[in-house]
Amino acid sequence: MPGEYTTASSSAAPAKRYALSAVEKQRAQLSKLLKDTTKPVYIPPPPKEKIIRPAREMMKNVQGSSAGAGSGEFHVYKASRRREYERLKLLEDQMKKEAVEAEFEKRKAEHEAAADAKTAKNRAKRQKKKERAKDKGSAAKSEDVGSTDADAPIKKRRLVNGQQLVFKKPGEESDADDDDESVGPLPPPQGKPLPATDVAPAQLPVADAANVVIHDEE
């Protein structure tokens with residue numbers, strides 16, 4: 001029995017291991033991250049910018065390349081030269097970074113200016129469209145008011161001796177109208193014919209002729 005278990009365990013083929021792709025690595029990381037949500041996630045700090053100590057203001061002993069190899073002065077010279085090259089390279093990298101940032105800010109400002117100009121143009125179009133709609137609405141309203149006034153009944157007025165007669169309902173006459181009211185129509189001006197009016201002339205009474213009886217005498 002023990003030999004059977006040993007044979008079975010030894011006969012099991014080992015799992016094949018292969019290199020994970022980028023998608024599989026990301027899937028494994030996400031599954032591990034979401035496995036325990038209460039566990040804090042470690043976020044590494046951003047890399048620090050490389051800095052070197054500034055150059056010395058005054059060099060007491062300046063070594064040159066004439067020092068022999070293997071001497072102490074030659075190693076001091078190599079170290080100082082390496083630091084100077086690193087400082088110059090760092091300055092060049094900083095200048096390139098500033099140039100890239102300036103170019104990015106310039107392109108960003110140009111894109112923002114173009115977007116603002118386009119937005120202002122669209123805003124002007126919308127404002128103009130609103131004004132046209134408002135003018136059209138006011139014109140339609142004025143036309144409706146004009147049509148309402150045109151549909152109103154027209155009051156007929158008559159002229160008598162060149163003056164306008166206004167017909168009023170009983171009780172509408174004011175005191176001013178009573179003061180200005182005249183007894184009768186004014187006489188027509190001399191040399192001018194009486195204007196024609198719609199009022200029919202009053203019919204005068206016709207006197208009945210007396211009956212006369214004539215008797216013939218024989």
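Glycine too: its Cβ is placed from the backbone N, Cα and C atoms.
Note that TrEMBL annotation is computational and uncurated.
Quick look at what TrEMBL lists:
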COMPBIAS  98-119  compositional bias 'Basic and acidic residues'
COMPBIAS  120-131  compositional bias 'Basic residues'
COMPBIAS  132-144  compositional bias 'Basic and acidic residues'
COMPBIAS  173-182  compositional bias 'Acidic residues'
REGION    98-203  region 'Disordered'
### Message
Based on DSSP, tally up the residues of the compositional bias 'Basic and acidic residues' (98-119) by helix, strand and coil.
### Response
22 helix, 0 strand, 0 coil
#### Entry: Counts of helix, strand and coil residues, the compositional bias 'Basic and acidic residues' (132-144), according to DSSP
13 helix, 0 strand, 0 coil
### Query
Can you tell me how the residues of the compositional bias 'Basic residues' (120-131) break down into helix, strand and coil by DSSP?
12 helix, 0 strand, 0 coil
